[in-house]
Amino acid sequence: MTEPARRPTEQSADEPAGQGTALPLELLDATSDCVMVLDADWRIAYLNAQAIAELGDRDLLGSSVWEAFPYVIGTKTESALRRVAATRKSEAFEALSASPSAAWYDVDLVPFGALLVVYFRNITKQRRAAEELLRRHNELDTVLSRAGVGIMQYAENHRLIVINDRFCKILGRTREELDGLSMEAFTHPDDIPGNVGLLNRHAQSETPFYLEKRYVRPNGEVVWCSVAISFVRHSETNEPTTIVVAREITDEVEARQKAADTQTLLRGVIDGAEDLIFVKDTQGGVVLANKKMTEDFGVSAGQAGGAQFPELSRRFEEQDQQVIRTGQRLMIEEEVPTPDGIRTFQTIKVPWQRDGVTKGVIAISRDISERVRNEQALRESEERFRLAALATGDAIWEWDLVRDTIVWSSSSASLTGESPGEGFDWWHERIHPDDREAVVNSLARFAEGAEQRWESEYRFLRASGSYGCILDRGFLLRDEAGNVVRMIGAMSDITERVEAQERINRLQAELVHISRISAMETMGSTLAHEINQPLTAAGNYLLGARRMIDAGEPLDSAEVKDGLRQAQAEITRAGEIVRRVRRMVEHGTAEMHPVPLLDSVGAALRMAIPAPHAAGITVSTDVPADVEVMADPVQLQQVLFNLLRNSAEAVANSERKNIGITAEVQAGEVVIRVNDRGEGVRPDIVDRLFSAFASTKPGGLGVGLSICRTIVEAHGGKIWAENRPGGGAVFAFTLRAAPAGEELSPAVAG
Ligand code: ADP
């Protein structure tokens, strides 16, 4: 561009044109502007070369400006021309030519004497450029304000050059507030050190960089942004400026954190699992293996699947391929050798799919060895239980009290004669009507109590229509709260046992009877002797009385009466003896009375060992005279009789034929002992001494001691035997001592 030419200076209006200083035409020719000179009649007096070039090669000199440029008429250019011509004061303006060229001109009107110099310069290009610049500027403004990102440019001292609305919104501050505010003022405190370091480093080299950071709004809200920072020099001033473009990513960061949390959570769940969890890709490579899998089998992601199980890898691969091929889940129970031996695993394999494409196999394996073992053990125990139930013939039942259902063992039918029903009613209805209430009551009491075992005996209707005797035993199971939930038990058919017991009882009673009769044999001579005595005496008294009457002498009636009274007394005594024997022989239930023990011992002794001297037996009795026991006198005598007979038999072949009877009172009980110096109780019989039919004697019945035990126990006492140091046996039994002041029973006197 050429230097703008010096322009001729204005001349005062009173200097006539062409007079005084003439137009410096050479100067006007040399100026870079277009120059046109008009005379006072608006005729074009001069055009310089630039003007001629600008206006087109037309011969305009001498023609009227209004004719040469008719389109000027009526425009502000015409008004300006006329004004300057009139006022003689320079004016400058920009004008759009109404000519077809539609060019913009920068126009200077300068009066020179009577002349008017029009300087003009085509500025269309500059105008267009300026317009373009403005338009672009406007556009940029729109773009910036609408941009989805925050844009900011600042110079030194944080002087804002540009900031868009978006950035203001992100930072929660107005443009005015931000102007001059340092970045630290709106950056999250934790991010400031890193941020400042980065900024300083990159500002030096003026290289752009990216970072993710947190801005903090005045209200404390935190906004995550992805930020691009670049450095440019101002186009005019060349001062360094910083451009910051920020995209809000709070949602993204939160979603990312959530995803990371979910990932951690998922990992935690997977690693916390007791099961083996692993994922393999279609090639069999391990994509994921949980902690358990890694710890137990050393399998971890990145390995080839099955590497740890060379002998099984083929099978595993086939399973995987099946899942991948069919897209169906697969459940496998398989045995796997492990360092701890063979274990059983239950594995579920499902296809791992993404966007409908199978990427591999997800597998979850559970070690079920324990369960399998337990199931096996349970099966075995159930089988044992079933066989045991079959062997005993018991009906085993399990009663669910919550649901009120009863499950019976298969063996039950053999006891009841039919398949048992499921509910309580089936059982309840079959209990004998006389027993039903007692059984149900005992069950109810039991359920309320703290006992765990229940037992009841009752009659139960069988399918055949007959009643069987049942011993039913149950065991109660409670829940943690102590509520009764289940009962398990067994019904045993004890019909035969009960019948046998009844037979034994009958037999025993019979034996007692027989024993008494057999005892009679021994007693026979004693009785004969005893009855003989009073009867002989009575006979003698009667004979005496009769002789007195027959003598015909005057009767001493007093003497006769006395003889008759004596005879009566002797007969009464004989009768008493007979009654006593009969009472002993009769069956009878124990009638307990206070009985003077010494009397019973004497009586028994007389019957058992009627003639001790003749037999060479010494009997010592050490029984306090005041001791009374609560007993049926006849049965007590029976016990003493049996023990004494045995002792007498025991000493029969012994050198020391000593028999002793002692009694001592201990805490309301009387212990009676019969001892001898016989051979003692033989070891082979010790265990069953008091059982029926246990005898070591040729022709012995073996019922004596059994009867003794029955009687003693019926009295609430105990009976036992011991061998004595130095030889012989002692048989002892206890009875309750009679409380003081009880009425005495008529003693079986000796
Ligand atoms: P039995 O006398 O008919 O054998 P018991 O029941 O009275 O029947 O006695 C059973 C067995 O007890 C006898 O056979 C004998 O072996 C043993 N026994 C009973 N009393 C004595 C005793 N005083 N000394 C040694 N053995 C005795």
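We number each residue from 1, going along the chain as drawn.
Every residue, even glycine, has its Cβ placed from backbone N, Cα and C.
Sequence annotations record features per position, and here TrEMBL assigns domain 'PAS' to 136-206, 262-335, 381-450. If you look up TrEMBL, you'll see 209-261, 454-506 marked as domain 'PAC'. Sequence annotations record features per position, and here TrEMBL assigns domain 'Histidine kinase' to 526-739. TrEMBL lists 1-20 with the feature region 'Disordered'.
Taken through DSSP, the domain 'PAS' (262-335) splits into 32 helix, 18 strand, 24 coil. In terms of DSSP secondary structure, the domain 'PAC' (209-261) contains 12 helix, 29 strand, 12 coil. In the predicted model, the domain 'PAS' (136-206) shows an average pLDDT of 89. In the domain 'PAS' (136-206), helix, strand and coil residues by DSSP number 46 helix, 10 strand, 15 coil. According to DSSP, the secondary structure content of the domain 'PAC' (454-506) in residues is 12 helix, 30 strand, 11 coil.
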